[in-house]
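*Asks:* First, the structure itself, so that you have it in front of you.
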Amino acid sequence: MTAILERRESTSLWGRFCNWITSTENRLYIGWFGVLMIPTLLTATSVFIIAFIAAPPVDIDGIREPVSGSLLYGNNIISGAIIPTSAAIGLHFYPIWEAASVDEWLYNGGPYELIVLHFLLGVACYMGREWELSFRLGMRPWIAVAYSAPVAAATAVFLIYPIGQGSFSDGMPLGISGTFNFMIVFQAEHNILMHPFHMLGVAGVFGGSLFSAMHGSLVTSSLIRETTENESANEGYRFGQEEETYNIVAAHGYFGRLIFQYASFNNSRSLHFFLAAWPVVGIWFTALGISTMAFNLNGFNFNQSVVDSQGRVINTWADIINRANLGMEVMHERNAHNFPLDLAAVEAPSTNG
């Protein structure tokens, strides 16, 4: 009898690392995108927490008037924010080693640029990690495609808009009231409410909420009863069961009679594709709208577009919005310039004397 002993090849340390990184048996999948995602998101999160608590005021407008954003400098959870990098820095890459000191780096809002750039890289890698895990499990790639919508929106407000406006100081502050301030100023300067891409985004978000609520309530109302009246209907479901958990025919019939027949999906797959695609496409359009308005391709301007036979203006809601925009622009950066840009651009009347 002859025994053949096969020598087991020793796997290198790099090989074991590659196998561990790409293994779908791990409790949390890491993947090659995760190798970059983990340090970037940890860096962004750590600096955000420290800066939100203790960062000193930042000279956001570049006029030696620092704005406080951290908790230790008088703010609360609502008013606190990471103040964007100073207009004096503009679009320059501003890591710590480019400043003369850490104090100067903090005064010019260096943490904002650090957080934003690491965050955008991290969420892009998270999207790639979703695709990578789907690929290794033999799934279709639509999870990553859906996640591309919020990634595009974040990239638009944190990167594309500052590039178009010429300074990171125009980026969205990282805080609750800072976000509201960004929205108000954006409306004042770009008339975003009158931009069709923003309208599509509103339809996507509100429509997606409506469709999600309709779908969830229809499914919950047409569950196949597997329990007694004294038990929760949820107890009748077992994870991984092959049987349908709700009666799609009953849900289809109800909704078809509630509105009209063809308003109801009779294909569960096309229904769920629609539920995913509607808000995703809407948010894509919003991100595209922000990116175009970044370069001052603004919303529609219907100011003074209705006049009577004598040429007198008949005010419409467009004129009311325009007046509100001017008021918001007057209050924005009120110490950085004497007049809002729209008013300062008007040619001064000639004087005789």
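Glycine is no exception: its Cβ is also placed from the backbone N, Cα and C atoms.
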*Asks:* For the transmembrane segment entry in Swiss-Prot, name the matching range from 70-85, 102-117, 118-133.
*Replies:* 118-133
*Asks:* If you measure His190 (site 'Stabilizes free radical intermediate') to His198 (chlorophyll a PD1 binding site) at Cα, how many Å is it?
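*Replies:* Here the two Cα atoms lie 11 Å apart.
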*Asks:* Between His215 (Fe cation binding site) and Tyr161 (site 'Tyrosine radical intermediate'), how many Å separate their Cα atoms?
*Replies:* 36
*Asks:* Decide whether the stretches the transmembrane segment (274-288) and the transmembrane segment (142-156) have at least 3 CB pairs under 8 angstroms, with pairs required to be 6 or more apart in sequence.
*Replies:* yes
*Asks:* List the residues of the same chain that sit at least 6 positions away from Tyr161 (site 'Tyrosine radical intermediate') in sequence and have their Cβ under 8 Å from its Cβ, in sequence order, or write 'none'.
*Replies:* Asp170, Gly171, Met172, Ile290, Ser291, Met293, Ala294
*Asks:* What same-chain residues lie close to the transmembrane segment (142-156): Cβ under 8 Å, and 6 or more beyond its ends?
*Replies:* 119-120, 123-124, 126-128, 130-131, 134, 276, 279-280, 283-284, 286-288, 290-291, 294
*Asks:* Name the residue among the recorded positions His190, His198, His215, His272 whose Cβ has the smallest number of other Cβ atoms within 10 Å.
*Replies:* His272
*Asks:* Would you mind reading off the Cα separation of His272 (Fe cation binding site) from His198 (chlorophyll a PD1 binding site), to the nearest angstrom?
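*Replies:* On Cα coordinates alone, these residues lie 24 Å apart.
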